[in-house]
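Asker: Got a structure here, written out as structure tokens. Questions coming.
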């Protein structure tokens, strides 16, 4: 009992935006101990004879209004989104120099770039499931911390295998923060603003690309960043790895100190008082200076009662509880591939895979490709370099032009983002997605054909700018309404999936 009281007291002191409203005696459950079913709607309205007006989640979000809180939320979530982009692209910029210090072959470099994505595969589903059990905010804090801590530790890894392992663990953190950030963010947004604000959040990925490229350009070519750390020769690329972990760690601190839990999660968990207090914080920040008072209302309760949840948590042996948890975690995937949704799910998964394969498959190699064409010629014509002995390859002095070109390619995302914002409503997601995929594939083919460095740079910029349109078109659809947080296409129920289908899918 004392442990529970201590937990509630600690939780009451946590977020700056909610600490004034969460009193210890009002918390009737330990945060995150609730397990609720995603297979159907978990929120029901049962007035039960009460005269107090009871609101649904969407109605309560509308009453809280739109204003200062949401812009602050955009900055915090956007910085976290940018931190994920920095962490993913970090490896691509260090390859031209780290390959000598870590004695990397081309296959080793390919394995290193793949390691963070393998970690994301593991992390996205695991963290998403925990976000539905323990709360969005708590999972964001932990996953961003994992990302930042293990990303920074990789900077002092003296051996390739250790560097690879730490990058994999960092990828597990990235796999948690990316999908949960968008779910967390969308659950605070009024429906009328949700699509536009999610598009704004997606543009922070471009900011992360530019930040990573800019840091690489400023840090890696500098000789002053080279010093000895014991027996470790601490080159400038290792300092770059440390700096790339800072955005994730600062994002974790911001979520821990400033941001409240998702009110939708609190409602589904049956924690009505806490959810109302979060809506009160949003209302008071949005209506500051307008002289409006927060209206009194109740919320539709979660469909599972606490007694049922306690029974779910305590009934059976450890093995039986683990089996139930695993079964519950796999249920959303089964629902995606039932008879009525099978064809749609396969089509959308293929599209998502192709966008990821094309975009990251080339983006992660841009610095290395431009390193290979510094002496002229096509990047694809320089494969003989792959077969040359490692001791004949010199990584120093670092070629500054390689990182300048990477920065230019990252900046080429800006026109694509602007084009998406201007044309999304008029052209629609299907047209933008189809056209951008076609043009980006054509530009990749032409990179193989061209023979000069300038031509390769221009086509790479075209590919980068057009590919981001495809990403934005995808994200605009995928996150335009509130959805579970397991990651892309991994946790929708049959009923929810049918409701979320845009017209162009059918």
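Glycine is treated like the rest: Cβ placed from N, Cα and C.
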Asker: Of the ranges 346-366, 367-387, which one does TrEMBL flag as transmembrane segment?
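Answerer: It is 346-366 that TrEMBL annotates as transmembrane segment.
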Asker: Tell me which of 139-162, 259-282 corresponds to the transmembrane segment entry in TrEMBL.
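Answerer: Among 139-162, 259-282, the range TrEMBL annotates as transmembrane segment is 139-162.
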Asker: Just to confirm my parser: what is the rounded mean pLDDT across the domain 'Major facilitator superfamily (MFS) profile' (73-506)?
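Answerer: Here the predicted model's pLDDT, averaged over the domain 'Major facilitator superfamily (MFS) profile' (73-506), is 78.
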Asker: Using Cβ atoms only, state whether the transmembrane segment (406-424) and the transmembrane segment (197-220) have three or more pairs under 8 Å that are 6 or more apart in sequence.
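Answerer: Yes, the stretches contact each other.
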Asker: Is the transmembrane segment (63-82) in contact with the transmembrane segment (168-185), using at least 3 Cβ pairs under 8 Å (sequence separation of 6 or more) as the test?
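Answerer: As far as Cβ distances go (cut-off 8 Å, pairs 6 or more apart), the transmembrane segment (168-185) and the transmembrane segment (63-82) touch.
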Asker: Taking a Cβ cut-off under 8 Å, which residues six or more beyond the ends of the transmembrane segment (346-366) line up next to it in the same chain?
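Answerer: Distant Cβ neighbours of the transmembrane segment (346-366) are 88-89, 91-92, 113, 117, 337, 405-406, 409, 433, 437, 440-441, 444, 460, 463-464, 467, 470-471, 474, 488-489, 505.
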Asker: So are the transmembrane segment (197-220) and the transmembrane segment (63-82) touching or not, going by 3+ C-beta pairs under 8 A with a sequence gap of 6 or more?
Answerer: yes
Asker: Let me spell it out: take the transmembrane segment (139-162), skip the flanking residues so only those 6+ beyond its ends count, and list any with a Cβ under 8 Å from a Cβ in it.
Answerer: 80, 83-84, 87, 90, 102-104, 108, 112, 123, 127, 130-131, 169-170, 172-177, 180-181, 184, 229, 231-232, 234, 238-239, 241-242, 244-249, 251-252, 255-256
